[in-house]
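Read through the structure below, which is laid out as structure tokens, and then see the notes.
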Amino acid sequence: MSQRWTLSRANALFEKPFLELMFEAQQIHRQHFDPGSVQVSTLLSIKTGACPEDCKYCPQSARYKTGLGSERLMEVQEVLASARKAREAGSGRFCMGAAWKNPHDRDMPYLEQMVAGVKAMGMETCMTLGTLTPAQAERLAGAGLDFYNHNLDTSPEFYGSIVTTRSYQERLDTLETVRDAGIKVCSGGIVGLGETVNDRAGLLVQLANLPVPPESVPINMLVKVKGTPLADNEDVCPFDFIRTIAVARIMMPSSYVRLSAGREQMNEQTQAMCFMAGANSIFYGCKLLTTPNPEEDHDMKLFRKLGLRPEQSDTDQGDRAREESLKQALLTADTPMFYNAAAQ
């Protein structure tokens with residue numbers, strides 16, 4: 001039975017003593033997932049920069065002088081070549097992100113080819129393209145798209161302080177549109193925007209109370225980029241971030257909770273506590289759309305220290321072979337083309 005979350009119930013979780021919260025989150029995590037397995041995914045920016053949106057955290061916005069250049073939509077074969085590298089590296093999921101307010105119909109044939117091509121490799125597919133119409137969602141579903149990412153970012157109350165060019169309701173409507181098309185939902189938010197704990201609770205209440213909670217919930221730590229309005233925000237306390245992971249795990253027990261943007265500024269101990277709190281998915285790569293990610297061999301070293309392993313995908317390689325393949329392929333990856341998750 002699903003239960004409807006209230007703001008007071010969510011806030012009560014945030015107020016729990018830290019160790020009690022961690023214990024509860026780990027118990028729930030073990031009821032729904034293998035605690036030794038972490039989903040390893042790849043995110044590729046298929047169209048970078050010159051976004052018309054004004055999201056204050058995002059270096060891809062054309063409104064801010066961040067030094068980020070603008071690139072056209074990648075060729076289909078370039079995208080498929082990157083996906084092939086990721087699959088050979090052991091990734092079971094390939095996500096494609098475009099810095100758009102929304103895709104145009106003229107873009108759809110190329111996007112459909114990308115999805116179909118990646119799907120044919122046996123990988124899960126995900127896209128984040130901005131607002132979708134029902135017809136566009138149906139086309140992507142028909143091409144084989146498994147997941148669509150569209151983050152809520154923060155609570156409805158604080159959202160207007162961060163974004164003005166896209167309404168909160170539009171984000172909710174897009175999630176409903178992709179769900180109606182039969183596509184699974186990936187949606188989360190960002191910690192460190194200047195929000196309160198009440199806002200963090202409000203974000204998670206919005207996500208958990210969707211008709212079907214997102215199958216994937218990325219929790220981002222703000223990456224402060226010079227030139228964006230939030231470049232001088234205060235750093236997030238690691239314990240506050242870990243608490244957010246734990247509360248997300250408790251409120252959405254069957255969802256993958258993903259460590260996304262901001263991992264590069266976390267030490268190993270913080271990441272380990274996030275895994276203990278219920279995070280069970282990461283993006284690997286050399287950049288998170290426009291900001292750095294931990295070096296890939298560091299990820300594998302940390303996995304070994306913690307006794308974690310990449311989640312098995314449809315491959316006949318054993319754990320050790322997959323780990324070595326992942327490590328070697330990542331170290332030789334085409335750096336500009338591989339990205340970690342950035343908040344969209």
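Yeah, the Cβs are placed from backbone N, Cα and C, and that goes for glycine too.
Per TrEMBL, these features apply:
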{"type": "BINDING", "residues": "CYS51, CYS55, CYS58", "note": "[4Fe-4S] cluster binding site"}
{"type": "BINDING", "residues": "CYS95, CYS126, CYS186, ARG258", "note": "[2Fe-2S] cluster binding site"}
{"type": "DOMAIN", "residues": "36-260", "note": "domain 'Radical SAM core'"}
{"type": "REGION", "residues": "306-325", "note": "region 'Disordered'"}
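Sequence features annotated in TrEMBL and their locations in the structure.
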| residue | record | DSSP (3 states) |
| --- | --- | --- |
| CYS51 | [4Fe-4S] cluster binding site | strand |
| CYS58 | [4Fe-4S] cluster binding site | coil |
| CYS95 | [2Fe-2S] cluster binding site | strand |
| CYS126 | [2Fe-2S] cluster binding site | strand |
| CYS186 | [2Fe-2S] cluster binding site | strand |
| ARG258 | [2Fe-2S] cluster binding site | strand |
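CYS186 ([2Fe-2S] cluster binding site) and CYS58 ([4Fe-4S] cluster binding site) have their C-alpha atoms 19 Å apart, to the nearest angstrom.
Over all protein chains present, the Cβ of CYS126 ([2Fe-2S] cluster binding site) has 24 other Cβ atoms lying within 10 Å.
Computed over the domain 'Radical SAM core' (36-260), the whole-number mean pLDDT of the model equals 88. Candidate binding-site residues: CYS51, CYS58, CYS95, CYS186. Fewest other C-beta atoms within 10 angstroms, CYS51.
A straight line from the CA of CYS58 ([4Fe-4S] cluster binding site) to the CA of CYS126 ([2Fe-2S] cluster binding site) spans 20 Å.
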